[in-house]
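> Please find one structure pasted underneath; my questions will follow.
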Amino acid sequence: MRKKPIIIGVTGGSGGGKTSVSRAILSNFPDQKITMIEHDSYYKDQSHLTFEERVKTNYDHPLAFDTNLMIEQLNELIEGRPVDIPVYDYTKHTRSDRTIRQEPQDVIIVEGILVLEDQRLRDLMDIKLFVDTDDDIRIIRRIKRDMEERDRSLDSIIEQYTEVVKPMYHQFIEPTKRYADIVIPEGVSNIVAIDLINTKVASILNEAK
């Protein structure tokens, strides 16, 4: 019988350090079959909308994601079958024509702002993490990321943060903290928490051998 992969959910607010925590886990297991799948890859296709309409999309609301597809593909990976993960184009605000082939792995990190919001996703996870970072730090990181990587203007980032991102965080994301097995204050700089998580993952991997 094929062993079930370990699935780790990593969530928290935008710019909170989720990706850094996920990479810290990835880097600790170089000899294992381990990968990270981002919820952001599953933003819904918006090619049927005009560019002006796409720009107004609330990307921090659960309905912005095709979570059904993510769950379907995770179940395929659990069963040992490869999947083609969608690629989202942030400059065009819609799904790209490209996909990325993902082979089954021993450890799958599922990362995103709302990965603990859907019970069906939570039920697939062995470990659930919430990265808890101060609002001021998160907005600074978001400004830097969106200007450098997503060709956004400062004004548009600040407007989106105050009108959408911050309210959605308190409405949808922060409440999922109660589902977390571990809450990590200050993200990847919390070495003790990262070490505890890596120890737990190593223990599960050893038990599965």
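Cβ atoms here come from the backbone N, Cα and C positions, even for glycine.
Predicted, not measured: the structure shown is a model, and the values here were computed from it.
Reproduced below are the annotations present in Swiss-Prot:
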{"type": "BINDING", "residues": "G12, G13, S14, G15, G16, G17, K18, T19", "note": "ATP binding site"}
> For each of the binding-site residues (S14, T19), count the other CB atoms lying within 10 A of its CB, then report the residue with the highest count.
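Top count of Cβ atoms within 10 Å goes to S14.
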> Does G12 (ATP binding site) have same-chain partners at least 6 apart in sequence with Cβ under 8 Å from its own Cβ, and which are they?
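Expected: K18, I113, F130, V131, D132, T133, I173, I184, G187.
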> Fewest other Cβ atoms within 10 Å: which of the binding-site residues G16, G17, K18 wins that one? Let me know.
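Selected from the binding-site residues G16, G17, K18 on minimum Cβ neighbours within 10 Å: G17.
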> Other than G12, G13, S14, G15, G16, G17, K18, T19 themselves, what residues in this chain have Cβ atoms within 8 Å of the centroid of the ATP site's Cβ atoms?
I113, V131, T133, R138, R141, G187
> Within a 10 Å radius around the Cβ, which one of these binding-site residues has the most neighbouring Cβ atoms: G13, G15?
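Buried the deepest by this measure is G13.
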